[in-house]
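Beneath this line is the structure, given in C-alpha cells, with notes to follow.
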Amino acid sequence: MQTLTPHVFWAQRHGDIYLRVEISDAKNLDISVQENVLRFRGQGHGAKGENEYEFSLEFLKPVKPEVKHKSTQRQVNIAVRKQGHCWWDRLTKQEKKPVFLAPDFDRWLDESDAEMELKEKYLLKSFSIFFSAFLGLKKGYLFMYNLVQFLGFSWIFVNMTVRLFILGQDSFYDTFHTIADVMYFCQMLAIIEVINPALGLVKSGVIPAFIQVMGRNVILFVIFGSLEEMQNKPVVFFVFYLWSAIEIFRYPFYMLACIDTEWKMLTWLRYTIWMPLYPLGVLAEAVSVIQSIPIFDETKFLSIPLPAALGSSISFSYILRFYLLIMFLGKSLFFFKYCC
C-alpha cells in the first residue's frame, strides 16, 4: 500500500522549528521525536482526499524530544525546540529537500529579520520585567507612606482621646504643646500627596490634593504655629481631633488599595464617617481663622508694609478674610464632588 504524505510547510526562529501540515479535520494524531527524527501519522482530509497520512523528517541539528502541536479545522501546527540557539541553513540532514516539504512564507523570516524579532522580544521582555519591578516598588512605597501616616494619626487620636477621658476639658488648652510635634511631622509628610499625582503615581488630581494639604498647613503653621495666643485655645483640640478621626480610616483604606484588597467594613466607615467629619473639620478651621484675625490686627504680625504715601501697612487679617472665602468655596466643591 502506498504511503501518502501531506504537504508540509516549515519556518524557523533561532530557538524553534515551526511546521504546518496541510490536513484538515485531523484525528488520531501520532506525533513524536525520537533520535532527532520527527514522525507524523494522522487521519484527515489532505492532498489525496480523506486518508491516513504520514511522514518523517530527520533534522539537520539536534532538537528537544518534546513536541507541541495544535490541530485546527484546516491544518496541524507543530512546534519543536532546537537544542542549540542558532540559525539552520536548511531543515533536514539530507541535502535534497523532500518533495512534500516547502517554506512557510506566511511565517518565513531570513536570519537578519529573525535576529531583529529576537531583539524586539528581548527588549519587550526586559521592559516587562522593569515595569513589573516598578509597579512593585510603587506599591511598596505607597503602602509604606500610608502606613506611616496611619500610625502618626492613630497616635494623635488615641493620645487625645485618653487625655480627654483623664483630664476632661482641661485637655483642650494644652493640646498644641502635647500633639504639635507629631502633627507637624504628619502634615509636612502629607506634601507627598501633592507630589504623587503630579508624578502619575496615583490617579487622584493634583489640585484637590493641593487644596487639602495646603489648607491644613495654613491652619497648622500660620494660625497655630506662628501665634502663641492661639496655641492655648480649645479650637486647636477640635481641629486636631477631627483631622485625626478622618485620617485613621482614610490611610488604612489606601493601604489595602495598594495591595489590591478591599475590606468592605473599612470602605463603609471611610466614606460614611467622612461625610459628617469633613464639614465639621472645615468649620473648626474657619473658627480658628476667625479667632486669629484680631490677633493679627493687634500684633501687626505678617503685615505687608506699604510706601509712606499709601499708608503704613496692610494687615494680614485682610488676607485671612479672603482666604476664608476661598477656603469655603474650594472645600465645598471638594466635598460635593466626592459626596455626589
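Backbone N, Cα and C atoms are what each Cβ position is placed from, and that goes for glycine too.
For 3-92, the entry in TrEMBL reads domain 'CS'.
Remote same-chain partners of the transmembrane segment (147-166), defined as residues 6 or more beyond its termini with a Cβ less than 8 Å from a stretch Cβ, comprise 175, 178-179, 182-183, 185-186, 189-190, 237, 240-241, 243-245, 247-248, 251-252, 255. What TrEMBL lists as transmembrane segment is 147-166 (among others).
Residues or ranges marked as transmembrane segment in TrEMBL: 178-199 (among others).
Look at TrEMBL and you will find 205-227 (among others) tagged as transmembrane segment. Residues 176, 180, 183-184, 187, 190-191, 193-194, 196-198, 236, 239, 243, 285, 288-289, 292, 295-296, 299, 301-302, 323, 327, 330-331, 334, 337 of the same chain, all 6+ positions outside the transmembrane segment (205-227), place their C-beta atoms under 8 angstroms from a C-beta of that stretch.
Annotation source TrEMBL lists transmembrane segment at 234-253 (among others). If you look at the transmembrane segment (234-253), the same-chain residues 6 or more away from its ends with a CB under 8 A from one of its CBs are 146-147, 149-150, 153-154, 156-157, 160, 169, 171-173, 175-176, 179, 183, 186, 216, 219, 224, 266-267, 269-270, 273-274, 277-278, 280-281, 284-285, 287-288, 291.
Summarising the annotation, TrEMBL assigns transmembrane segment to 273-296 (among others).
Per TrEMBL, the feature transmembrane segment maps to 308-329 (among others).
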Inset, instruction - Using a Cβ cut-off of under 8 Å, list the residues of the same chain at least 6 residues beyond the transmembrane segment (178-199) that approach it. - result: 142, 145, 148-149, 152-153, 155-156, 159-160, 163, 205-206, 209-210, 212-214, 216-217, 220-221, 224-225, 231, 240, 243, 247
Inset, instruction - Determine which residues of the chain contact the transmembrane segment (273-296) at the Cβ level, with the cut-off under 8 Å and only residues 6 or more beyond its ends counted. - result: 215-216, 219, 223-224, 227, 229-230, 233, 235-236, 238-239, 242-243, 245-246, 249-250, 302-303, 315-317, 320-321, 323-324, 327-328, 331, 335, 339
